[in-house]
């Protein structure tokens, strides 16, 4: 719908007029004619030229003195044009030009006037010759006498003033024009125009800021409500997975739409929902869907918007937010990244009473204080529920705390299906397989996988998104883009291949509940290669044997290097593997109770969110117990490392096969790994199968024409495929018969030769 243009306000018109006035004044000052300057020698030459001129083409219209500014101002006729200029001269020169008699005129000047010129005794007479003929000496004398009379009236009675006294007193003496005097406009109004315009502009600016202040914002009221009222087009159908979370929030939305239904049953709806969980799981998306479903005023604000420069701003913004929400009740308030103001009180820089705590205290009062908040639903979202203040989490404020966790395999498939809409994906790809290969991925990461695969399809100019592009997209999300141009020596490349093959052999043979899905020696990020090991089934608990097998798999790379190159030639490539193995071993001893020390938790999470997570970790046990913990961790790592060495030595042939295949292909996948394990032979050249560049037409037709039409069309495609397969079988049989015939003929020929 076309929006109506907003009518300009009176203040806008005033601002435009002020700006036009300033611009006009600047242009007037810039374009107004100004007197130029000439030197005294040039002026003397012009005086002589005009004095000896026999025509009226060169003469002075005006020749005036301004002793107070030491200026001689001239208006001169030069041919067909009139020039105006001024000359800077000291009082001595000016008095010389003014004097009627006296003064020395050089012979050079007199010779330049010519013999036909009248005899002159002063510069004043020469200037008279150079002026217009009608300006006689009598007119000039009367002008001087008038100046004298004006001076006498100023001095007072009983005083005598002579002509020479007036000249020496630096009073202006004008030959044929008076010194110009400005009128009232130019003398009193024009000089003050810039000041008036700037004053008007300042008044207008102050007026506008005051208006903003009255409206609740601007410079004079920084405590304005920063919340944004949004209208979202998202629905719960746009949120894949998180069925339980959507069910909980849908109950709140239904209450806002039908409060009487719950009031009749005597039910009190919870006042707030806290959405927690890892990043990228859809907390903000759920809030957008809630805004789209509720059809009530929805106020969105980030918690960081409350606390800014001025003291007390945060508390005031909280009051303004709830005041506006109460005025439009029923309403929803969504505060994103709540931990920015909701952290536990009593800690932090500035002691226990800083600006953030004032804001939190005001939020606690507004959520459940003396003023009733009936009809207001508060939704908070954060990734750090562990650092929130306990008073914020109690019933009556956030009654329900919902963890939006990482999606399971079924939810991942739903999320992939949602993001795959409108994308041309190869028919050979199933979203279920992608979901299996992406355990631990959040919804944001799954969306990124589909988007990266689409970008790769556009880059490579393929008709559909292929399985290879999906693989590359998953790798990009996990480790970043491949560094194909990295220069690496053949020896180092071989060592990396042995390292990754060692991981794979241990992971395959120990049966730790994971499958080696992919091995690559293509460098990505800070790694020279990696193994993608995924669990066979979705599990939320791990056994001791599985953890030990995982540690052994991590140590497999270092074990392979030691077996092939010796202890003195092992590389730094196992640094990250050792770090991960050590973390698992430490947790087995200190948290899981899987050691000889018994089922005791030695490391409690007493860490401070302000001083660092590991600051107080080792404060709950003695140094002797710490030494015993280190011994147990060392024992777990050492035994797992020995197990990895024994496994690789037992299956040395598989290690060499995987290494050779990696050097040849750089990347091998699960099916190829399985074939190497089962046959213990190199892969045949024909295992590289090109994927069909075929669009999954059924999904597209189902979206456009309906499921019945899509099913019928698919059946027709299947019949065509069966007919094509029959033709191929007939051709194959004919080819076989031809081959048999050729074989028999060759046998006959060979027998003949014998």
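Cβ atoms are placed via backbone N, Cα and C, with glycine included.
What Swiss-Prot annotates here:
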TOPO_DOM  1-9  topological domain 'Cytoplasmic'
TRANSMEM  10-30  transmembrane segment
TOPO_DOM  31-186  topological domain 'Extracellular'
TRANSMEM  187-207  transmembrane segment
TOPO_DOM  208-754  topological domain 'Cytoplasmic'
BINDING   277, 278, 279, 280, 281, 282, 283, 284  ATP binding site
BINDING   499, 503, 577  Zn(2+) binding site
ACT_SITE  500  active site
REGION    713-754  region 'Disordered'
COMPBIAS  743-754  compositional bias 'Basic and acidic residues'
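Taking the features listed in Swiss-Prot, we show where each one sits on the structure.
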{"residue": "277", "record": "ATP binding site", "Cβ within 10 Å": "20"}
{"residue": "278", "record": "ATP binding site", "Cβ within 10 Å": "14"}
{"residue": "279", "record": "ATP binding site", "Cβ within 10 Å": "9"}
{"residue": "280", "record": "ATP binding site", "Cβ within 10 Å": "19"}
{"residue": "281", "record": "ATP binding site", "Cβ within 10 Å": "24"}
{"residue": "282", "record": "ATP binding site", "Cβ within 10 Å": "23"}
{"residue": "284", "record": "ATP binding site", "Cβ within 10 Å": "15"}
{"residue": "500", "record": "active site", "Cβ within 10 Å": "27"}
{"residue": "503", "record": "Zn(2+) binding site", "Cβ within 10 Å": "29"}
{"residue": "577", "record": "Zn(2+) binding site", "Cβ within 10 Å": "20"}
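When other Cβ atoms within 10 Å of the Cβ of residue 283 (ATP binding site) are tallied across all protein chains shown, the result is 25. Cβ environment of residue 499 (Zn(2+) binding site): 528, 529, 557, 558, 560, 561, 571, 573, 574 lie under 8 Å away, each six or more residues apart in the same chain. Ranking the recorded positions 500, 503, 577 by the distance of their Cα atoms from the Cα of residue 278 (ATP binding site) places 577 first.
The recorded positions shown are 500, 503, 577; of these, the one with its CA atom nearest the CA of residue 280 (ATP binding site) is 577. When pLDDT is averaged over the topological domain 'Extracellular' (31-186), the result is 64. Nearest Cα neighbour of residue 284 (ATP binding site) among the listed recorded positions (500, 503, 577): 577.
Cα distances from residue 577 (Zn(2+) binding site) to the recorded positions 277, 279, 281, 283, 500 are smallest for 500. The DSSP secondary structure for residue 577 (Zn(2+) binding site) is helix.
Residue 503 (Zn(2+) binding site) sits 30 Å from residue 279 (ATP binding site), counting Cα to Cα. A Cβ within 8 Å of the Cβ centre of 499, 503, 577, the residues given for Zn(2+), is found for these other residues of the same chain: 500, 502, 531, 554, 555, 556, 557, 558, 560, 573, 574. On a Cα basis, residue 500 (active site) lies 34 Å away from residue 277 (ATP binding site). Following the DSSP three-state reduction, the secondary structure of residue 279 (ATP binding site) is coil.
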